Amino acid sequence: MSESFDASAFLKTVTSQPGVYRMYDAGNTVIYVGKAKDLKKRLASYFRSHVASRKTEALVKSIKHIDVTITHTETEALLLEHNYIKLYQPRYNVLLRDDKSYPMIFLSGDAHPRLTVHRGAKHAKGEYFGPFPNGNAVRETLILLQKLFPVRQCENSVYRNRSRPCLQYQIGRCLGPCVSGLVSEEDYRQQVEYVRLFLSGKDQQVLNQLISRMESASRDLRFEDAARIRDQIQAVRRVTEKQFVSGDGEDLDVISVAFDAGMACVYVLFIRQGKVLGSRSYFPKVPGGTELGEVVQTFVGQFYLQGNSGRTLPTEILLDFTLPDKDLLTESLTAVAGRKVQIQTKPRGDRARYLKLARTNAATALVTKLSQQSTIHQRLAALANVLQLPEIHRMECFDISHTMGEQTVASCVVFDANGPLRSEYRRYNISGITPGDDYAAMAQVLQRRYGKALDDSKIPDVIVIDGGKGQLGQAQAVFDSLQVSWDKNKPLLLGVAKGSDRKAGLETLFLEATGEGMALPADSPALHVIQHIRDDSHDHAIGGHRKKRAKVKNTSTLELIEGVGPKRRQTLLKYMGGLQPLMNASIEEIANVPGISHGLAEKIFHALKH
């Protein structure tokens, strides 16, 4: 188990109700999502003296904190767990990339409509469903739809040029409308209608129509057709059965607030098409003496009215608190959405159950947060005592990441009195240095960070340098050379050298670039907060470096051809049906693409061949 995670204290705050839990590492990255019929019993099983597998043992060692979401039923917990896995891609569940966008599913207006992912403006003729929380969610939905309703998903350029059905037809995931005689117009239209109803949340209508068709086929002695429709009914039921949904299938956001010990937790439950898509807890800073109604009012205004184009307004917002200016806020949200948005504070029926669920989760999240904050306060006080400082209000930590000196990225993470201040985490692209020179990289990032005017509240009490005497000496040299108006002597520079075999708990701390360092006991709270900020900085640097490296790696040859911009690339790929067909095309075939001259076609042909 992670040394910085107090399992015993955490388990005291956990309920025995069904729900979903998310486990985080030191970098606040979700590393595992699970569901349980009894959250307390399930989570307690991770912290026994003997765990079930090596995977579980490795997982538990990485845990820094855990969030839980309570649900009505275990089935709902399972569905919510699936949404969270798609959203967070935890490394102990799956390894998928998240596009961090809000894509939609597009059902085209073609004679034989196709299903596809869509992003951006809605210019194409057809129907749009969504938005979905991320790219993985929409792709998983398309795969599911393909299994339930075999509507084509191929590009029009591929569809128009087929003379025989593709593999998707062979495995039963497309009806093959590209080839005459494989499917009737009526049968294909019926499957498209099922897709339309299913994506609109009208699952029962889909089932009713399928049951009617199955009974009709059976009466007409078309038993093979009846069996096929029966299998389709069972597949749809497996997806939709037992989920707790609001009866009308509308889009709702359910917001509840909990307040204790000077801290507020605003919990938002997201419901789309009557289904729970996910939830999130927010902890706004609340000045002393603020009324809870004002907290909710301010939060709702900031949450929906600050120009976040990726966030869509629901049809209805449910609140557990009466707002002072409810009518004004309703009018503002309606104007922004371009349609009626309602705010309800006294719902009934299913809506009341959702609000009760949000209240429970808000209270649970607040208890967990207060417990974590208490631990952070104790650790910072212990570190201040070790460093002989009166107190620590702000810490910053730096780390460098690169691969063989390439794509060097420096990270800066910030802790305040309550722990990680992620809104102030920063990454710096390092350039103009000898590849692999970590000292020069550290000097550059420190100069860029501190060689400018700083507000007093932004001056750190402690600056942690991930490195030994050499890196600390570099940092001290930079600070000696600073020509700034703020007190450059205020921050205490602390070097952290990794122990033998890079094992946690064996770190050596340096306050001076010369002389001996000091080691703290492995169970020292002061060491734990140093490890926490150091690990956060390390993860933040690696994350930035990987993105930078992937960007370079994923730059295709097509992007490097002069005269081929984003629009022409898109036209080429759509017309040819992808990069591989384009690479296999002749000059004449490339020249047939709209907007591509013969001369440019030659240039593209030779660039792709060589």
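Note: Cβ is positioned from N, Cα and C throughout, glycine not excepted.
Residues annotated as domain 'GIY-YIG' in Swiss-Prot: 16-94.
Long-range contacts of the domain 'UVR' (204-239) within the same chain: residues 144, 147-149, 190, 193-194, 197-198, each at least 6 residues beyond the stretch ends and with a Cβ under 8 Å from a Cβ of the stretch. If you look up Swiss-Prot, you'll see 204-239 marked as domain 'UVR', on the strength of sequence analysis.
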* Structure fact -> Reduced to three DSSP states, the domain 'UVR' (204-239) has 33 helix, 0 strand, 3 coil
* Asked: Average pLDDT across the domain 'GIY-YIG' (16-94)?
  -> 83
